[in-house]
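*Asks:* Provided herewith is a single structure, encoded as structure tokens, for subsequent inquiry.
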């Protein structure tokens, strides 16, 4: 599998987790990527009980995941207001099951309507590879196995809290067909990792209305024939299979891509 070259900037680094290396998962991380702090996105995987006391994606954060737009909208000066569709239930499964199975927005699970089995044991689409992991070691093993190398990087978003109006400052292409790992929206800590086919990933630098600068991982789907037609029409007034469609990825997910530089693993 070939990926586009990833230019790594220090500004793409996630806030790092200030914890000591006491868990076997973090020790395993350090054994593969020495002196590399654990990304905040994956910190839930270190919770001893494997269960939190609340859902990881708060109601005010849902807009990070429910914003659809065109690929040609990704340019400096473009204004975005998060949440241009009210059909959160459709965002959960933006593709029809008959064509692409459970895909890249499954982390928006409503625990009262879906179960982990719906996401982790449902049939996969043709050429789709997915795994549910509940430990940091399992995630590391899965992505290394997929790429056949430890020279990989994880990239994520850092949307500002309580901000939903942004202006694009810069756009950088990350690569094609990345492996996405999403924190499922259940109290039990589970990430769903899968390859996103026929897509291009970008890192978009944004400036919030209060001046806060953030970065957003963005995925553009080039094959939208299996997309939910009602969702597409509500958000963009287009039909499936006509134009590429993009969406932001919220703070509780990351994209794994090859590391073509000599830098340490670096994530936004």
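For all residues, glycine too, the Cβ spot is worked out from N, Cα and C.
In case it helps, Swiss-Prot gives these features for our protein:
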type     : residues : note
DOMAIN   : 68-259   : domain 'BURP'
CARBOHYD : 259      : N-linked glycosylation site
SIGNAL   : 1-25     : signal peptide
*Asks:* Measure the Cβ-based neighbour count of residue 259 (N-linked glycosylation site), defined as the other Cβ atoms within 10 Å of its Cβ.
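*Replies:* Cβ-Cβ neighbours of residue 259 (N-linked glycosylation site) within 10 Å number 20.
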*Asks:* Give the helix, strand or coil assignment DSSP yields for residue 259 (N-linked glycosylation site).
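*Replies:* Note: residue 259 (N-linked glycosylation site) is coil by DSSP, not helix or strand.
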